[in-house]
Amino acid sequence: MTEKPLITFDQVWKTYGEGEASVHALAGVDLSIRRGEFVAIMGPSGSGKSTAMNIIGCLDTPTSGRYGFLGVDAGRLDRNRRAVLRNLYVGFVFQGYNLLPRTTAAENVELPLIYRGAPASERHKLAAEALEQVGLLGRQGHTPAELSGGQQQRVAIARAIVTKPTLLVADEPTGNLDTARSHEIMELLTRLNQDLGLTVVMVTHEADIAAYAQRTIGFLDGHIASDQLNRKAA
Amino acid sequence: MLWETIRLALLSVRRNVLRSFLTLLGIVIGVAAVIAMITIGSGTTEKVKNDISKLGSNLLVVRAARPERGGSTSFTPRRLEERDLIGLRKGLTNAKAVSAASQSTVRVVYGAENIAAQVTGTDTDFFIARDWDVSSGRIFSESEVRSGAGVCILGETVRQQFFGAGDPDGMSVRVNKTSCKVIGVLQAKGTSGFGQDQDAVVMMPLGAFQRRIAGNRNIDAVYIAAQDGVATSAVQESIEGIMRDTRRLAPDADDNFEVRDMTQIADAMTSATTTMTGMLGAVAGVSLLVGGIGIMNIMLVSVTERTREIGIRLAIGAHEKHILIQFLVEATVLSLLGGLIGIAIGLALAGAASLTLSIPFAPSIPIILLAVGFSALIGMVFGFFPALRGARLDPIDALRHE
């Protein structure tokens, strides 16, 4: 592919604390992810994988080095500009679903559109479409408490894709689910990756979950220890 | 976007009904207290004003001064005499009426009924000066006043006591053992601000009163009404000049009489009740402040409780200002709601008070609008710090918050 990569890390450092007590969560990472890729990030806790994911999702910025997202130097943008970037191009899926309690599935899904200033009629339409894509049509009026874990995660995925983002960042999306539910969610993510061309970056520490991705990047002590294409996908 | 935020705020108020209610309580009590105090206060002011205007507007009263306690020993008050009255009648050019009067509380009898009434001996100008007319019959004629005829005008209370629904015209009543013929009935004035029945009165010509009841030729007071459009203070100056001339007082001598301006008294009493109202309102305002601190407290709790929610919102693209507005609107909606409930309760309290104390119900629209605005302002001011705290959260930390 001659297309420019979606995501580029160029000697990215992330340092917490100062002087003697400083810790390098990322120590000069180089990385590039192309549009449409499905990447799993693995590694033990403290390896820097979460920090990398936060930077990729424009939630965090590098201490030094360049983080390029969509050709923009996203690491230099201020809080509110990164908020716009997230709202327009990034969808998030978390381990704990992170839906608003006592708020219906439809309202949860509509939330990112509210911050975009979309009119109510458009929000309802897009939310219904997104819920249909994750197989929850007819559950619009249910609150998270009335849904199972798997269903809640589907609502969260609908919320992530309702804005038709370029990138989906998933932080251990199956961490709270049983095996059957986990595989259903992974199949859904795979389908979104293939059907919509959605770029997916997923952090996980389960090898069978990582196997759904086309590419697995292993982090260790702030460095990339391995970066390989998966046989199944390749 | 704003409408969405308000809807969201109302939703969150409804989700925590009990907590919202407890938060509101401070504002409710504060606003209710302010509204009740000020409404009752302005009702009282109005009543005092009415009472004083019942005495007659533009009224000045001349009396022999009471000796000042501990004052100069040279001071001697001098009774008002015929000469003073004549001097005032001749000299005053800016008065509409000059009337002499003497009073005494005397038992009045008709048949088997009797009543203690304030009997006033006076002249025809009295009815102009006191702005008081008869509701039936007539007032004295000039000749009756001159001759001191045995005629009288009854106050409404006396009429009712003696004649019920009947017409007393031409009947004879006994006042202090002398008989007098009823020629009219005075308009009812009701109870004064000091709880006195102003209709338990009998009027008769001054000469008749002096001869038959007082047994002397004293004049208790001279009532003077300023001409329309003339300041009472100007009339007061003229009166003082004429009295000093008539009494031939040396330029350095003290007055041996006093002139009271009822307008001034009215103003003084009105400003006293207004000051009182303001002070009570201010005290009630302190409870509003306490209510505001209550809002701040609960908003801080709310921000902490919803840290994760803030994290989600920030992650999916909310700006700092969105979070700030969300919590500000929530605090404002909360305190505004409290303000509205408080206004309703305050007006109800003031209404009940005006019924039991028989004062006018005087709700003030500006004060109510002020209360609405102020409670909204309290929400914004005390909601700002917690809201800012929420808006400044780091999305990563907020998402990690348990």
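Glycine is no exception: its Cβ is also placed from the backbone N, Cα and C atoms.
Record features (TrEMBL):
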- B:20-241: domain 'MacB-like periplasmic core' (DOMAIN)
- B:21-40: transmembrane segment (TRANSMEM)
- B:279-303: transmembrane segment (TRANSMEM)
- B:282-395: domain 'ABC3 transporter permease C-terminal' (DOMAIN)
- B:324-353: transmembrane segment (TRANSMEM)
- B:365-385: transmembrane segment (TRANSMEM)
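Beyond its flanks by at least six residues, the transmembrane segment (B:279-303) meets 12, 19, 22-23, 25-31, 33-34, 36-38, 41, 310, 327, 330-331, 334-335, 338, 374-375, 378-379, 381-383, 385-387, 389-390 of its own chain at Cβ-Cβ distances under 8 Å. Mean pLDDT for the domain 'ABC3 transporter permease C-terminal' (B:282-395) in this predicted model: 88. Helix, strand and coil counts under DSSP for the domain 'ABC3 transporter permease C-terminal' (B:282-395) come to 98 helix, 0 strand, 16 coil.
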